[in-house]
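Chemist: Let me give you the structure first, and then I'll get to my questions.
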Amino acid sequence: MRSYKLIAPAKINLYLEIIGDRPDGYHELVMILQSIDLADEIEIHSLSSETIHVHCNHPQVPTDKSNLVYRAAELMVTRFPEAFTKHGGVDITVHKHIPVAAGLAGGSTNAAAVLVGIDLLWNLGLTQTELEELGSTLGSDVPFCVAGGTVIATGRGEQLSPLPSLDHIYIVLGKYRSLEVSTAWAYKNYRQEYGSTYLRDTNDLASRAAAVHSGSIVKAIVEKDAVAIAQRLHNDLEKVVLPSYPQVLHLRELLASQPGVIGTMMSGSGPSVFALCETQAQAEQVQQQVRQTIPDEDLELFVTRTITHGIQVVGNG
């Protein structure tokens, strides 16, 4: 039986601005997304029977049709029934390293890896654009997870404009295992508190989305100026999440106070918080200091870095 092993990186938001509502119930967003080298491993094996099996080493991750990984495989079966009949089903194993329900696109990047893996397994020859379009039907972050690197994302997050990739900005990432923030709750509360500021006119929305391309954070990214990037981190959802989750606020403040940290922010709807550092040694020192200050085993702390790619194939059999 043929098989592929893939690496599925997590993402952080360097910028997240909510600019309006969409007719489909989502929000109009302006984001800058960044791949990091904290990643899950996905193994995909072909099966002789026309079935889908999903396995995962993390007890919180379901392996039924509620899992985005399963739905990604199901999507490929639906779109390419002849290939499914010819090549058979798939057995998918997810080795989780990315924290679950953390605002790091763990589920989305796993789904992206399944799309890439099945494309290879069934010899479909899909382009990256075609894979991104398939991914957009599964979730807003999936197209980015296929592409990876450093990207401006607009619409609900599926319209991507690549930026020069950032490599080797070091990151300390913290997340309480037992703490989850509902993405739907965060956006709903933001709408309730700040919906009056939303842009309504289609041209205004398009202009605001386009404006980020000439903004100061994009200039800093193009110039690979880590300090300038760190000074321009922005996430609208912090306005509703931080007041409601004091643990997240405290962790953010603690990270921000550490020597060597050049910027701190919550990723996505949280509860993950990250700090940017210019060197690995600084990041490791910050991790050690925060661990001493908060010895709670419920707090996961990672040292990671920015990377230039999305899904990677690392083995086949």
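Placement of Cβ uses the backbone N, Cα and C atoms for every residue, glycine included.
Okay, so Swiss-Prot annotates it like this:
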type	residues	note
ACT_SITE	Lys11	active site
BINDING	Pro99, Val100, Ala101, Ala102, Gly103, Leu104, Ala105, Gly106, Gly107, Ser108, Thr109	ATP binding site
ACT_SITE	Asp141	active site
Chemist: Determine which residues of the same chain, besides Pro99, Val100, Ala101, Ala102, Gly103, Leu104, Ala105, Gly106, Gly107, Ser108, Thr109, have their CB within 8 A of the center of the CB atoms at the recorded ATP site, and list them by sequence.
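Modeler: Near the ATP site, beyond Pro99, Val100, Ala101, Ala102, Gly103, Leu104, Ala105, Gly106, Gly107, Ser108, Thr109, sit Ala10, Ile98.
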Chemist: Please identify, among the recorded positions Lys11, Pro99, Ala101, the one with the smallest Cα-Cα distance to Asp141 (active site).
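Modeler: Nearest in space to Asp141 (active site), counting only the recorded positions, is Lys11.
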Chemist: Under a three-state reduction of DSSP output, how is Lys11 (active site) classified: helix, strand, or coil?
Modeler: strand
